[in-house]
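Below: one structure, written as structure tokens.
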Amino acid sequence: MEGEGFPVSRPFPSPHIQNTQTDPFLMLDHMGPVDYPPNEAKGAPWHPHRGFETVTYMLQGEFLHQDSLGNKGILRPGDIQWMTAGSGIIHHEVPSPCYKKRGGIMEGFQLWINLPKHQKMIPPTYQDVPKDKIPIFQGDGYEVKVIAGTFQDKSSHTQTIVPIHYLDVHLHSQGVHWKHRVPSSYNCFAYVYRGSARFGEVETANTEQIVLFGEGNLIEAWSLGTDVRFLVLCGEPIRDPIAQYGPFVMNTQEELQTAIREYHSNSFIKHSATFSSKTSAIEDCQ
């Protein structure tokens, strides 16, 4: 459970997976799916982050986002919220008023991406990426949403600090073959959230299972049923030391203690609020 008590599956970090295998990625949460009755949906009230990026990708339901930069908007199915915490940001993500009133299925992902040590304290930024701005590649029996990086001739407009590929892959029918080439220096993994697929020669993954790829630059998958969906995440390792305590990810214990102390002494925010022109409209719920 996270936040006010909404259920999540967390494929990593895990005792069975080393941080070096997922670097530059710190954490992946699969939120839900959970079907909330009216007026019972849960969220994550005001909390801080420093030293990394959070990427929230909604599949179903709606979240209202507000932060210390002055951003405010609603994240709807298919939308992306890319938040670079940098020197520090305080935000909350809660069900939108309309969604909470009517209830329904909530599902999405939150990914944490580390920042290099020389960029830990950059000014925080916020990118609001609506569904219709995410490039989609239609292949032979499959579809790929390019959340970050590139696939074939499609490139995401999302600005990333660390070079990564973030793809949402949908294989429509059984036996569909999909492949993707990345730089051989990248760490890569796939997380299956619908159905089953075979990766490489022998590795099979079912729903809510993760597959880590070894050395090489070719990722291949074959669907083992219909409507198979998985995320593919690849990135250039940072290889910096990590000191983490909850929502603070720094390089040394001293930096970590500074972040905690500043948060509790109300000196955490280093940059004044500026209102983004990219926030989603807030709807009244009748």
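Glycine is treated like the rest: Cβ placed from N, Cα and C.
TrEMBL lists HIS47, HIS49, HIS91, GLU93 with the feature Fe cation binding site. The domain 'Pirin N-terminal' feature in TrEMBL is assigned to 8-113. Annotated domain 'Pirin C-terminal' per TrEMBL: 166-268, in sequence order. As annotated by TrEMBL, region 'Disordered' applies to 1-21.
The predicted model assigns the domain 'Pirin N-terminal' (8-113) a mean pLDDT of 94. DSSP assigns HIS49 (Fe cation binding site) to a strand segment in the three-state reduction. DSSP assigns HIS91 (Fe cation binding site) to a strand in the three-state reduction. Each residue in ALA44, TRP46, PRO48, THR54, ASP67, MET83, ILE89, ILE90, HIS92, PRO247 lies on the same chain as HIS47, HIS49, HIS91, GLU93 and has a C-beta within 8 Å of the C-beta centroid of that Fe cation site, without being one of the site residues.
Most buried of the binding-site residues HIS47, HIS91, judged by other Cβ atoms within 10 Å, is HIS91. Sorting each residue of the domain 'Pirin N-terminal' (8-113) by its DSSP state yields 10 helix, 66 strand, 30 coil.
Sequence-distant contacts of HIS49 (Fe cation binding site), defined as residues of its own chain at least six apart whose C-beta falls under 8 angstroms from its C-beta, comprise MET83, ALA85, GLY88, ILE89, ILE90, HIS91, PRO247, PHE248. When DSSP labels each residue, the domain 'Pirin C-terminal' (166-268) comes out as 12 helix, 50 strand, 41 coil, counted as helix, strand and coil in that order.
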